[in-house]
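S.K.: Please read through the structure below; I'll follow up with questions.
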Amino acid sequence: MKILVLHGPNLNMLGTREPEVYGKMTLDDIDSTLKELACELGVELTIYQSNSEGALVDKIQSAVGSFDGILINPAAYTHTSVAIRDAIAATALPTVEVHLSNIHSREEFRTKSFVAPIALGQISGFGADSYLLGLRALFNHNKK
């Protein structure tokens, strides 16, 4: 099973950016924990981070025929990007949206997700564990 992991804008700043909101783990730390779990599950991961909406759309579109699912933290694009939402919908790949913080308990503008309605589900508020829970959800979904 192959899963594409996508990290959106500013996630490359984790560990130093608002640690009271996002925690002290770096993106490399999160990727390492994902790789450990993937190894246990027998899942192959491809991990990509970009601050560019177009680059993320390109990666999503290129996933068709190469991946069995997408694990995505769209970050700020969660609330603004119809392009990312449409790209995910067009792939028809099982997709889980994850967030480090609980987007529903934050500022009003952060509570709306363009991705959630077309995703298998959304996991938020569990810090780095949101990613691990999302990977397990995709794995279990694809095993059926």
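Placed from the backbone N, Cα and C atoms, the Cβ positions cover glycine too.
What you see is a predicted model, and the numbers here were worked out from it, not measured in a lab.
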S.K.: Looking at the substrate binding annotation from Swiss-Prot, with ASN73, ASP86, LEU100, SER101, ARG110 already listed, which candidate in HIS79, HIS141 is the matching residue?
M.R.: HIS79
S.K.: Please give the greatest C-alpha separation between any two of the substrate-binding residues ASN73, HIS79, ASP86, LEU100, SER101, ARG110, in angstrom, as a whole number.
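M.R.: Largest Cα to Cα distance for the substrate-binding set is 24 Å.
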S.K.: Might you list, by sequence position, any residue in that chain lying six or more from ASN73 (substrate binding site) with a Cβ less than 8 Å away from its Cβ?
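M.R.: Listed in sequence order, they are LEU6, HIS7, GLY8, LEU11, GLU97, VAL98, HIS99, LEU100, SER130, TYR131.
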